[in-house]
Amino acid sequence: MIQTGFGRTSALEGFEQPFDPAQAIDLESPLTSTDTSVENTTRNAGALWPSSQPLSPWERFCRWVTSTENRIYIGWFGMLAIPTLATAAIVFVLAIIAAPAVDMDGTGRMVSGSLLDGNNLITAAVVPTSAAIGLHFYPIWEAASLDEWLINGGPYQLIVLHFIIGIISYQDREWELSYRLKMRPWISLAFTAPVAASVSVLLVYPVGQGGFASGMPLGISGTFTFMMQFQADHNILASPLHQMGVIGVLGGALLCAVHGSLVTSTVCRAPAQTMALTTTKTGTDRQKPKKAKTYSFEHAQAYQQTLLWRGAKFNSSRAVHFCLAALPVAGIWSAAIGVDLAAFDFDRLSFELPSHISVRKTVVPTWSDVVNQANLGIHTVGEKTPPKFSESGFPEFKLSEFVEPIAEDSASTLLSPHS
């Protein structure tokens, strides 16, 4: 295997060689086929695999998988990510187009989500697995027939599980590519934020609620329906973890807009290319193009301090980009933790605001009352039994449904003038 920059060799060679710092790739210089590091690596690879010795099919396959010369890097984790994500995508498209109605509640009430059943692109969704299945692993071979598997919502579980495996493998593939190119693994670390959010919503929450029927429908309107139902059940808007997630996402978007506008406003004009005298590792001097600044970091910081306040500055561009990456990643992590806690009905971290306050003996509703009324309304809409409507078109309600009956003795006591 080709020698890496960390002093390791692959299992194809069976031995290790010490790492030569002279072969390390300079990340600041463009990666071209004429670089000395690439030439050394190629020369070493030719020494390890002489042209006269034919390579076995397995060795050629391993070199093709781990080669960074491919147009798209495959990698060993890509061998797992590509088929799982492709399976999830194909089944999702087929289910959106032609999946039959699903017994989502396990009571015989069918819910349709496909386009052929009358839904449009907004209302179409992959309906979650039936509540009768619960958390059981429900592959195709566990059902008596394909029709039974479709009616019980088997495609939803297939899509979700393959998708989760695929995105985790994709994140590990990013780490693998960074390792091959001798880069730091922060790209893979940043991608853990959407992975954590997806796992929390699609896997952890159904597990905590006792069935995949509580999962998010895979569609546009299904996503918003899940959000409103989640708010009604757990009041996630009052969770500090969710609020930190909102701060991270919106704050990260604000910082990206500020950074992009400052950089665009301070871009330097392209100067004439100047040459600088540099000394190579062999001790000889050579002319090398001198790097020119892309934008003026000092002018951007001066503008920012003048516009906001004197302390609003960063010491270097590295600190700027670290904040741009760390703020949204930390926010999404905290929101995912909030969903995980809500999945197991652990709502003690949520803020409990008073339902009302009294000012001069006047009841003043708070925003908490508005949220509570919205939650109750969503609960009412989600009830399984629809209300009965009268001839006038208004729903009919019985007083006994909302007020407990009063006993005769209690009623006579309340109406007695001597009480």
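Just so it is clear, glycine is given a Cβ too, placed from its N, Cα and C backbone atoms.
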Range annotated as transmembrane segment in Swiss-Prot, from 109-130, 241-262: 241-262
The annotated transmembrane segment range in Swiss-Prot, which must be one of 162-177, 306-321, 402-417: 162-177
Cβ contacts the transmembrane segment (186-200)/the transmembrane segment (73-90), at least three under 8 Å, sequence gap 6 or more: no
Alpha-carbon spacing, Tyr205 (site 'Tyrosine radical intermediate') to His234 (site 'Stabilizes free radical intermediate'), which is rounded to whole Å: 12
Integer Cα-Cα distance in angstrom, His234 (site 'Stabilizes free radical intermediate') to His242 (chlorophyll binding site): 12
Spatial neighbours, same chain, of His162 (chlorophyll binding site) - Cβ under 8 Å, 6+ residues apart: Thr84, Leu85, Thr87, Ala88, Val91
Cβ-Cβ neighbours of His242 (chlorophyll binding site) (radius 10 Å): 24
Reduced DSSP assignment, Tyr205 (site 'Tyrosine radical intermediate'): helix
